[in-house]
Each structure stands twice: as structure tokens, then as C-alpha cells.
Amino acid sequence: MAAESLHQSTTRALTASPPFSLARFALGLCFVCLLVFGIAPRLNSPALAADTTPAATASTGNLSRQDAEQLLSVLNDPKKRQDFTNTLTLMAKGLPVAQPAAAPAAKKPNPTAVIDSDVNSELSGLTTSMRGYTQNFTALFKDLRSVGTWFHQQISNPQSRQTLIDAFSRALIIMLVALALERATSLLLKKPLNSVTAHAETRERKQEAAVAVENVQAATSTPDGDNTKTRADDQRRRNEVMRYLIRVPYNILHFLLKLLPVAVFLGLGYLGAEFLTTTQQASTVTITLTNAYVVARCLYLLVETALAPRSPAIRLAPAKDDTARMLTRWWNVLVAAPSLVICLSTLGSEFNLAPRGTEAMLRAVVLIQHLIIAAFIWRVRHIVANALQPSDNMRKKAFWAFVGTIARFWWIPVLFLDIALWFVWAAHLKGGYQWILRGTGMTFAFLVLSRLVAVLAYGMQDRLFRISDTVEAEYPGLQKRADYYYPFVRRVLTIVIVFMTCVIIAQSWGLPSFQFFFHSPLGSRLVGAALSLAIGATIAALAWEVINGLLNKQIDRYTSSSQASRATRLRTVLPIIRTVLLAIIIIVVSVTTLSQIGINVTPLLTGAGIMGVGLSFGSQSLVKDVITGFFMLAEDAIQVGDWVTTGGVSGTVEHLSIRTLRVRSIDGDLHIIPFSSVTSIANTGRGFNQIIVKQVLDLSEDSVKVAKLMASVVAQMRTEDAFSHMIFSDYADLGVDKTDSNGAVLVGAIKTAPMMKWKVQREFYRRLANLMVEAGVKFYTPTSYYTTPPGNSMHLAVDDVPDTLTPAAHVQQPKPVAPEPVPQPSAEEKKAIEAAEKSDTGLQKPEDESSPAAAFGEGPPHA
């Protein structure tokens, strides 16, 4: 509630008057009046005045007046007093302890006592330091009494009172006149300021149109991929940074125009101090107030121009209009403290105010300043918390969700830092306040610088990874490979920038980060290992891409030059080459990195060699598989898609690796055959196939006529588009291969394309069968003879006839007649019967050939 009321009151004060000028000085004058007229009279009492005078004077002994004044100056100066206290503490630690004169001989010191003495000494020094810091802090409230005493003395003395009234009245009149002229100058410069803003808005609209066109072109030309979003984000950030950089000239011109009224005020203030004042005090007061106002006004204009709450086209800060106006109002209040510090520092010495009184007032002013900053932090806590939240995609991860939760409480450590800064300064911790301010300022500056460096680095990366059309035409697929590496290079750049930023920020806070990373053995080794790893990875990636590019280009060259077999062979061996190359790259990079870290790789290499020899002896089959597979692929014995017969399996080759061969058989089973089991390979998919035609004819048939029929079938098939590319030659008549009691065997051959012999063979036999039927071709028909002994007739006897076969019940069945005894054949007759049985033959079996899947019309006919 307090923060909201302060914010509302400040807003009303600002809206009722021009920004900064009257509101800030009203607040400053109210504070001075409150301090002078409220605190001083209460502190001005005889008791308090008595406390400021010495209580008693002691015997000075041999102490001279000059030594006393020097000692008094040391005691009055808090910094010198603290140094003097620290010196006495160190001297007390180093002085020996007095021993009694009649002390016995020194004994061996007790280690426990020595340790206790050291601990007590350190605790004593720490207690002394804390007591000194506490005294410095409480001196703030004690030294304010001297301010009341001083003010009472100045008011009680008529001469000093007249001097104060004259000095401040003249200074106030000069300030009012200067403020009026400053306001008039601001009104005259309103039109040029509007002109600058209009030019900036025109340039802004042109830039937005160009960015829109560029985004459309990038969306239509950039292929979809994993790095598309990354490139789009980088492009958006670059456009945003370029937009702010374009605003810089207009912003600077705007700032310089607004400085002209301040320069008018400064000139009038100094002229008034020179010609309109009659005393040195009046001149000093006028110049001091003028300088304080100019400093505060410049600080205000610096931030107000950067935020530009009324001119978004020249705004350099990424803030909305409401946020910019709110920050400007708060900054209008915060810049009052520096002006008050300047006034108190100068006017205190001019009117004989004790240094400790001036310092006490400065501490009070700075305390109020820190309280206002605390109220400002409380006011903007939600705005900053929302700005610090990760994106929705990042919040899906547990780490970034935790970071987003912690970011909502950012104001707690910042409030602590704000109040701690004042305590550090008020307690006179040596270098504490300056150290924190310097570290905070340098941190902010380096964060902004790192942001600019990141934008430039990302822009250079984007340009480097955009392949021109000429290079893309010469090396197809190069843009795709560059897009693949784009996110990795982006992450490496981010890591390097973040690392260097953290190192520089740590150094700015006093941590020896440069000494550790660039001069110490451990840090140098870590940095060297990281650089070696980065260089090794870069060289490995380049080698990988160059070799792969050369291989792919060679494949394209083979394909374009009608060397399909070589292209297929290289395409088959390519996975093995990549595997071996990847293994070599990983081994080389790993060994190099380990050696750079400091690990001795000689035992590792020796052990790896011994292990390799042992594995080669222990797994000879595996080694044989690899070696046989490599030579099998190098000699182009088989390729993916060939129909092969190997290892007792026939089928189509689906995959080749360095160790195994995968064959899909005709029944759909996948056979994985190690190369060590491959003794021979029958490859049907190479060069050409040949159909061997064997036709068994009757001995009385004309073989020449049948051969012409076969030739005519092949000639007719070659004229058709469906078979013209499958048949390489006409029917080749090889003549009669055999003539015996089983008929005449006619043999011929037909040369076909690879993997097409089964389809051609089935169509050939189908057409030949119809043609032979029409021509009346006689085929050999095997016969069987069953004979009886010479001179005896053959008799058929029915032993049992079922009743169901009787045509009628009244039919008289014949009486069974006893068969006549059959005489046994003689020895000659038995030999004749055996000869007749041997002459019986069956149909000739078809050629035993394996074939592809019969379901697709590519296999041989079933027997």
C-alpha cells in the first residue's frame, strides 16, 4: 500500500507540472526543510550541546599541539580512524607478551595452547573489526546532533543568518528565472523534436515492410527441417537488433535537442552567480544549485530519451508504452538524490558544517534513496517476473519450469542487495559500496555487450551456412548438410559466448577467473582440452562431409555415365566405408582429447592392441565374416536386389552388411547368413539368363519341323512390347541331344534379361503347347506289356461280387467254376517278363531350378 500511495502521489505531482523540474526540486526542498527545521531544533539543547564539547582535558604530557591536531583529524575522519584501529590491532597481535623477571626456564610450548592463542587472536581481531563497523554505523545517528548544533549557531548569529537568507534568496530568484527560460526554450524546440520523431517513424515503417518481405521470402525458400525454427528465431532477433540500431541516430539527435534548454539553464545560472550575487556564499549556493539541477536533469534526460515514453519510434529499450511511462516517473524521483548529495557536499563546507555532520546528512539522503528504490522494486516485481519467465516450450522441461518458479521471487535478493548496499556504505566497509556498484555496473555492461556479440555471431553463422545457388548446383545436397549442422554450431557459439561472459563478469567482481583459466595449470589444461576437442570435432566433421561428398559425387558420376553396375557396387559398399570412417574418426578424436586432458594414452593403446589380438584369435569366425564380407562386396559378387542361391537358400538379397547377408526366400522367410558360411554364390541377377529347352519327341517326329515351331514362338514374342526387352536372342537350336527307346530329346536355348527367364519360359511353353497341338506333333508315349507264357490264354476271374451289384433277386447266379491251373513260366519266359518291366518309363521331370516368388509370375513351373 505504501508503494502504491507513493507511486500515485508521484504520478499526480508529475502530471501537474512539467516532467522532472518542479517535482524533483519540490521533493528536495521538502527534505531539506524537514531536516533543518524538524530535526535540528530538537537536537539543539544544552545537554546535547554539552555532549559535543570535550568533557575534560587531561594532562598532555609531551604531546605537542601539532600532534594533537593531527590525532584529532585522524579521529574525526572515519576512514583514517578505521585504518588507525586496524593498525593498532595488528600491532597488538605482533607485540610479545611481557614475562616476569624471575620466570623459570622456558618449557616446551603446548601445541593446544598455541592453537588456542591463535584462535583467540583471530576472534579478537574479528570482534574488533565488527565493533568498529558497528561504531561507524551508529555514528550516523550520533553525528546528526552536530547538525542541530550548527544550525542553532547559524540562526542565533545575526550576521550568519543574514548571509544565509541573502545567499538562498538570490539563488532562488536566479533559479526561477533560469527555469522559466528553460521552459520557453523547450517550447521552441517542440517542433524540431516532432520532426525527428516523424522521420524515425517513416524509417520504422520502411524497415517493417522490408522485414515482412524478407520473412515471406525466407518462408518460401527455406526447406522444412529441424533448424527452421532456430533460423527464424535468429532472423527475428537480428531484425530486432537492427531496428534498435537504426533508432540510435534519431535518439541521439533527440537527446541533443533536449539538452539545449539545460544548456540555457546552465548558462543563466553561472551568469547570475557572476553578476547578480554580492557575497561569496551567494555565488557558491547559486553555482551549486545550478550544477545539481543540471546533473539531475542530464541523468533524467538520458533515461527518458532511452525509454521515450511519448515516441516509440526512437525508443532504445524493449518496453511497452505503459512500462516506459512508469519507469520514467520513478526515475524522475530517483535522480533527486544525486542533486542533494552535490548540494550537501558543497554547501556544508561553505557554511562551516563539520565533516561528520555533512556525512551524516549524506547517509540519511542515501537511506531515503535506497528506500525509494525498494518501493520501486516492489512496484515492478510482477512486470519483471513475467519478463523473466521461460517460453511455453521451455517450461515443458522440469529444469526450466523450476527456473520459472524461482524467477517469480527475483525481488527478494534484489531488495536484500539494495538495503545491504546502504548498510555497507553506512558502516564504512572498506571498498564495499564501490565494489558492489562497480561490479553491478560492469555486469550490466558486459551483459549488453555479450548480447550484441551474440547477435553478430549468429548473423555471421547464418550467412556462412547459406549456400549459394552456384555451389548448390555443383554440390547437390550441400545446403541440406549445412542445415543439419546449423543447430550444433549455434549451441557451440552460445556456450562460448556464455562462458566468456561469465568469466569476464566474475573477473569484474574481483574473482581471479582470468588467472585460473589462462594462467593456472588446471585451468589452462581445461581450456586447452576444450579447444582441442572443438578443433578435433571440426576437423572430423569436415573430413566426414568431404569424404561422403566425394563418394556421393562419384556415385552420381557413375550413374550419369551409364555405369550402373559400378554405381550400385559403390552404393552397396558405402555403408561399410562410412562405418569404418566413423570408427577411425571417433578413435582419433578420443585419443587426441584424452592426451590433451593429460591422460597417458599409451597404456590405453597398448591394452586396446592386445585386446584386439585376443579378440581376433578368440572370434575367428567373426573376423572371417568381416574379411569375407569385405572382399565379397569389393569384388561385386552380389548386390541388393539380386536373386542368389547360397548357403542352401535361394531368394532375393535384401541387405548387405560387413558381416552378414540377408536373403528373403520364395516362401517369405528372411534368412540371415554369415559370410563365413558362404562357400559359393549362384547369382541370377547378373548379365543375362538362359532358358534351356528340352523336348522329348516321338522317334517318328520331324525334329526340324518342331525346331522351327519353337523358333517361330520366340520370334513372335520378341516383336511384342511386353517381351521385347526381356529376350536377348532368337531361339538357338542345339539339335537332338539323345535318341533311344525313350524317344528323341530335342535341345535349344533362349537368352533373356537377368531375372526374366522364368516369366519368358512360362509364356514360351504356353504358346508352344497350343502350336504343337495344332501341328499334330507326336510325343513319345511310354507303354507297358503284361504277357503270359506262350500257348496259354489269359483268363479273368471275379472272386467275390457284392449282392448290391446283382441286377435282380430272381436272376440265377452262375455256379462258380474252378479255374484251370496256370502252368508256371519257364526260365526264358521269366527273362522276357523282366525285360518288359525294365522298359517301363515315366514322364520326364522338369528342370530343377529355383525361382523368385511364383505369386508374382516370376518363378519356374511346379513339377
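Think of each number as a place in line: the chain as shown, counted from 1.
Every residue gets a Cβ built from N, Cα and C, even glycine.
Checked against TrEMBL, the range among 22-39, 292-309 recorded as transmembrane segment is 292-309. Per-stretch counts of Cβ pairs under 8 Å to the transmembrane segment (360-378) identify 399-423 as the leading one among 252-272, 399-423, 435-458, 488-509, 529-551. Only residues 6 or more beyond the boundaries of the transmembrane segment (435-458), in the same chain, are considered here, and those with a CB under 8 A from a CB of the stretch are 234, 237-238, 241, 417, 421, 424, 490, 493-494, 497-498, 500-501, 504-505, 508-510. Mapped onto DSSP helix, strand and coil, the domain 'Mechanosensitive ion channel MscS' (622-684) counts 16 helix, 25 strand, 22 coil. For the domain 'Mechanosensitive ion channel MscS' (622-684), the predicted model reports an average pLDDT of 82.
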